[in-house]
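Q: Encoded as structure tokens, here's the structure I'll be asking about.
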Amino acid sequence: MSRLLACLKQLQARSLIHNTTLLQPSCNVNSVYLGADPTAASLHVGNLVALMPLVHFFLNGFPVFTVIGDATAQLGDPSGRSTSRKQMAETTRTANSNSIHNQLKDLSSSILSYAQDCNYPFSQMPSSSQWSIVRNSSWYENLKLLKFLSSVGPHVRVSQMLARDSVTTRLQSPSGLSFAELTYQLLQAYDYSYLYENHSVNLQIGGSDQWGNITAGTDLVRRTHPNANVYALTTPLLTSSSGQKLGKSAGNAIWLDPKLTDSYSLYQYFISAPDDLACKCLDMLTLLPLEQLEQIKAEHEKDPSQRIVHKYLASNVVRMVHGKKALELAQIQTKLLHGAHQAPFGFYSEAPQQGDSFPSLPEIRALFKDCKFYRTIDSSIKDQPFSRLLRTLQIYTSRKEATEHILSGAVSLGHKPILDSNYKFPDNSLFVLRAGKRTFVLDSL
């Protein structure tokens, strides 16, 4: 079986292909690339869907490139947006680019290790040197405007630019479309052309909302190199149960950077996902063998309440993105916060506690101190009435809101509801606070 055929079979079986431009097993794919604009300091879960085909090509021995669009980010990609992006300061864009570069570097090594754990059917064992991370500023910084227009402009038709979905949608919207946004597709097309000429890249991957930008690139390469065989592959978009795209623009991003979304929160995101989304993601976002995926889903169907699919999905994504140690920590934290049996301080355990088997408070603090939901109560606020304390700790937006939730019985400390808005948090204590569906660890030690 050819490398390309093996790779395409994986992508098709995992529902990772939304559309392609005549990409067949008989095609000659040399190198593959995926772009990422540094509009935030981290990639997010939505980016994983487009990243996974690149991973499969990498694991099948193809040279792959991730292109950080630090130059094109100055214009703003209009795809999938109803309004223009806000202009980003150069220092922020540079910091984001550095952060994503380091994240991709860590991901490439973590993914290779994870694939080996999954007994991935490598067509050819890849080398880390086959995954290159580049920035498109490296080829734009010395490119003059007239040179760009004279080399690209003659090969592009304005009618085609205006016909692309990302453009027509915005032209019909109240906010309209800026000239900078209109020309974004030209620069992404030039990225493809540059990579084709300098690195023999002839396949670009992206989300389905990138189809217009990607095919602008294949069109440009074919016009400037009539004998070129270049291809495009897009993936489905990951959407919420309401059909909303999961991305930072929608305000619901789950970040891949553990400093922004800790491993416990990433784990819990998938544990709490709707069944249909979890089953899709199990195929798309893990490297488990295809036969095992079917077995897991069949087992899940016998008793969906056990969330077997969700547990495999959460464990595999955290293992792949954050590593083994992070997964172990997330699983311990999950048992302490969501186990079957009540334990001291509002925590839980997998089995009834016996003797001194439950962790000490310093041990629990060490487990949770880096989590976003961990709150320290220092001497300056420890005597505040409970409703004010919850506002100070940013658990509620106002003291009035906190009081309303306390009086309604929606707030519990330990395993007991707190019904007094003037309650004082005890000194030298560490408790689990549950505020509606949210969980926090409060520490006054």
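Counting begins at 1 with the first residue displayed.
Quick reminder: no glycine exception, Cβ is built from N, Cα and C everywhere.
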Q: If I go by Swiss-Prot, which of Gln10, Gln12, Gln210 binds L-tyrosine at the same site as Tyr33, Asp77, Tyr184, Gln188, Asp191?
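A: Of Gln10, Gln12, Gln210, Gln210 joins Tyr33, Asp77, Tyr184, Gln188, Asp191 in the L-tyrosine site that Swiss-Prot records.
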Q: Pick from 245-249, 380-384, 420-424: which range does Swiss-Prot record as motif ''KMSKS' region'?
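A: Based on what Swiss-Prot states, motif ''KMSKS' region' spans 245-249.
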Q: From the ranges 38-47, 118-127, 288-297, 338-347, grab the one Swiss-Prot calls motif ''HIGH' region'.
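A: The range carrying the motif ''HIGH' region' annotation in Swiss-Prot is 38-47.
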Q: Can you break down the domain 'S4 RNA-binding' (384-445) into helix, strand and coil residue counts using DSSP?
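A: Computed counts for the domain 'S4 RNA-binding' (384-445) are 16 helix, 17 strand, 29 coil.
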Q: By DSSP, what is the split of the motif ''HIGH' region' (38-47) into helix, strand and coil residues?
A: 3 helix, 1 strand, 6 coil
Q: How many other Cβ atoms sit within 10 Å of the Cβ of Gln188 (L-tyrosine binding site)?
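A: Its Cβ shell of radius 10 Å holds 28 other Cβ atoms.
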Q: By CA distance, which of the binding-site residues (Asp77, Tyr184, Gln188, Asp191, Gln210) lies nearest to Asp37 (ATP binding site)?
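A: Result for Asp37 (ATP binding site): the nearest of the binding-site residues is Asp77.
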